[in-house]
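**Q** Handing you this structure, nothing more for now.
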Amino acid sequence: MTGTGPGPAAFDMVIRNGRIATASDTFHADIGIRGGKIVALAQRLGPGLDEIDAAGRWVLPGGIDAHCHLDQPTGDASVMADDFLTGTRSAACGGTTTVIPFAAQQKGGTLEDAVADYHRRASGKACIDYAFHLIVADATPHTVQKELPDLIRRGYTSFKIYMTYESLKLDDRQILDVLALARSEGAMTMVHAENSDCIAWLTDYLLERGMKAPRYHGTSRPAVAEREATHRAISLAEFLDTPVLIVHVSGAEAADQIRQAQTRGLRVYAETCPQYLFLTAADLDRHGFEGAKCICSPPPRDAGSQQAIWDGLDNGTFQVFSSDHAPFRYEDAQGKKVAGEEADFSRIPNGIPGLETRLPLLFSEGVLKGRIDIHKFVALTSTGPARIYGLYPRKGSISVGADADIVIWDTGLRRTIHNDALHHNVDYTPYEGRRVTAWPAVTLLRGKRVFDNGAFLGQAGDGQFLPCEKPALAQPRPGRAGRSPWLE
Ligand code: DUC
Ligand code: ZN
Ligand code: ZN
């Protein structure tokens with residue numbers, strides 16, 4: 001549609017008549033976009049070269065998927081199905097305009113090499129904007145004291161550490177080294193919290209008794225192992241008086257630890273994901289090997305856990321809702337079947353796809369069913385991650401000066417999720433056959449339509465790398481002198 005008003009167009013694009021929602025407000029206004037930025041918000045703006053009538057629709061900031069794995073080397077014969085082209089294409093079609101995947105250090109390797117490698121994988125391929133978290137898998141003095149400070153200064157201001165997985169995990173002493181560095185540099189530490197030894201012990205126990213099927217993946221990683229590690233991660237962060245963010249929380253046990261810490265005044269943040277709202281252990285018990293499609297860690301749990309996660313989204317325990325997209329094809333010798341269909345659960349790659357379905361699922365089941373309000377939806381899926389990872393207000397905001405990353409939503413739909421309509425490179429979705437009632441009508445990346453009326457319109461290379469600021473939320477809480485006297 002072209003602007004029809006009098007005089008030369010003042011804007012590259014105007015979105016008219018929409019009902020705009022931010023993390024705090026709802027208002028009706030036109031949005032004027034020039035040079036990829038929001039430059040005006042007002043009742044009746046002049047013409048744009050391009051215009052969209054959003055009457056009767058929600059207009060929200062573009063989604064930020066702050067936890068996804070794209071083209072990440074795995075360390076075994078499996079290969080991730082999505083690279084930066086197919087992954088970001090899929091994200092855009094589901095209303096996401098920024099992704100933050102992981103540049104993962106290999107044990108024995110450097111973070112610098114991981115970052116350089118990851119830029120090569122992303123550059124020229126990404127269709128939406130992207131930043132990188134680091135994964136610190138080898139916390140040597142060189143990595144912690146030299147590489148991390150350098151990289152933080154260059155815009156890599158968050159890093160994930162693991163308490164489980166043989167090739168990735170750090171021990172408590174190493175975790176302290178990383179947390180101390182995060183504190184002194186003002187970076188955000190994300191923790192994968194599961195007790196490694198409990199899982200290894202129980203895995204051996206199950207396999208010795210012939211319990212090999214995919215469903216035993218869930219059995220081998222019980223909630224108590226997640227709860228213990230969550231408690232320990234929080235305690236280590238408290239010991240050093242520094243913020244920490246627990247990723248992919250699966251249920252009440254871990255959520256309770258986080259909530260208690262928050263109530264005690266600690267800067268403990270948390271993320272959860274669609275699989276903990278929409279899947280349970282029963283999905284790992286599908287016929288034959290099919291349960292492998294839903295193997296991820298921590299595993300989906302039960303209906304009570306799902307309710308606890310909904311409660312935590314509503315009551316503020318969680319600040320971030322991400323996909324943890326970790327894509328492996330099912331019918332593929334480099335995917336879920338990398339060790340064959342007879343393989344025991346411990347040899348099945350962990351991870352499920354979810355970049356494209358994250359927002360429609362939460363909008364449908366959360367906002368439209370009254371479990372969370374529209375502001376919470378925006379906070380969890382866009383503004384919260386932007387603030388926590390140092391991208392705000394360029395991202396995660398509908399305000400003058402922000403990037404024009406905007407999603408216009410269709411609601412009241414009756415749509416069934418089918419994998420063949422998705423845009424990732426995975427041959428299944430765990431949500432096959434599930435009904436949704438919301439889907440993006442239009443996704444704009446810096447003012448450009450990348451998804452419109454069911455069609456992907458973006459291009460490889462449209463996405464820009466985003467260096468992140470040091471997040472204010474990663475600062476130790478002021479006024480807590482004396483809590484950790486060993487730091488004075
Ligand atoms: N768990 C992770 O920690 N990362 C990727 C996939 C998964 O299931
Ligand atoms: Zn993880
Ligand atoms: Zn992950």
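Backbone N, Cα and C atoms are what each Cβ position is placed from, and that goes for glycine too.
Straight from TrEMBL, here's the annotation block:
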DOMAIN    58-449  domain 'Amidohydrolase-related'
MOD_RES   Lys160  N6-carboxylysine
REGION    468-488  region 'Disordered'
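I'd like these features described in context: how deep, what's nearby, how far apart.
**A** Within the same chain, residues at least six positions away from Lys160 (N6-carboxylysine) with a Cβ under 8 Å of its Cβ are Phe102, His133, Leu134, Ile135, Val136, Thr189, Met190, Val191, His192, Val247. Following the DSSP three-state reduction, the secondary structure of Lys160 (N6-carboxylysine) is strand.
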**Q** Take every residue in the domain 'Amidohydrolase-related' (58-449), average their pLDDT values, and give the whole-number result.
**A** 98
